[in-house]
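Over in TrEMBL, the protein carries these features:
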- 26-45: transmembrane segment (TRANSMEM)
- 86-110: transmembrane segment (TRANSMEM)
- 87-279: domain 'ABC transmembrane type-1' (DOMAIN)
- 122-146: transmembrane segment (TRANSMEM)
- 161-181: transmembrane segment (TRANSMEM)
- 202-224: transmembrane segment (TRANSMEM)
- 259-279: transmembrane segment (TRANSMEM)
Amino acid sequence: MTPAPGRGLLSEADWRKPLTGTGWRAAHVLLFAILLLAGLGPLLWTLKAAVSSTADLLADPLALWPASPRWGNLADAWTSLEIRHYLLNTVVLVAGSWLVQAVVATTAGYALSVVRPWYGRYVYGAFLITLFVPGTVTLVALYLTVLDLPGLNVSIANTPLAVWLPAGAHAFNILLAKQFFDAIPRELFEAARVDGAGSWTVFRRIVLPMSTPILAVISLFAVMNAWKDFLWPLIAITDPQAQPIAVALPRLAQAAEPALLVAGLLIATVPPLLIFLIFQRYVVRGIAFTGLKG
């Protein structure tokens, strides 16, 4: 039986029944506790392991608290593992990837949604097709392109450009931007064109000021994907001193103490968490505007 609009599977009378109401509330609490444990459990374990000694970590890795906490592990990992150097490499790669993705997504989304050239539907279809192609399928072709850029005959391997430029080919962000721009009233664009504004002026004066929510969503996706990316930086940047922290830490794991390695992992986890906490309000608004909730 289909539930009435505005109601769940249980009616108000069902909720008033002691056994039914109590059982469902207990199930909700249990489900919430499981989800909370699944979400925060790995982070809390990393925090515990980061202040443990190597002996405690190996003796009882599932202990709730270390027998002898070592708060100096974070400082030791910062210096001995050169976390500062690899974090700086990561910030450079992430900042460039974010800028390229933001520029490409907004301009391409604007062209598909507002400018609408005659070939726009074919480009849109091509973007949709790329969403179904696994990234690993194109790795070989992408690497050969990075080694020898067509028409320029130069190699950008072992440079930030090897990470920045491929980041622009992110069809999902382009489709997000297009969907957001589709929701902007067409009357605004028509009024601007009547006043003599060109496509670039409309984009700069009207579209961009209204795009804070979707820019926040695209920025968060771009930063998170670039920060956690491991395979492509491993292939494109073989110089150990130029690698990001996601690539450097597994390489350093062969010689580092387990406790210091986990401390380095904890330090590497903090920046993306802070970014999400700062921009979560804009992200929720952007997701609501683009219709991802439904």
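Cβ from N, Cα, C; glycine included.
No curator has checked TrEMBL annotations; they are predicted automatically.
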Segment proximity, the transmembrane segment (26-45) to the transmembrane segment (161-181), 3 or more C-beta pairs under 8 Å: no
Contacting positions for the transmembrane segment (122-146) when only residues 6+ beyond its ends and CB under 8 Å are counted: 112, 155-157, 162, 166, 169, 171-172, 174-175, 178, 231-232, 235-236
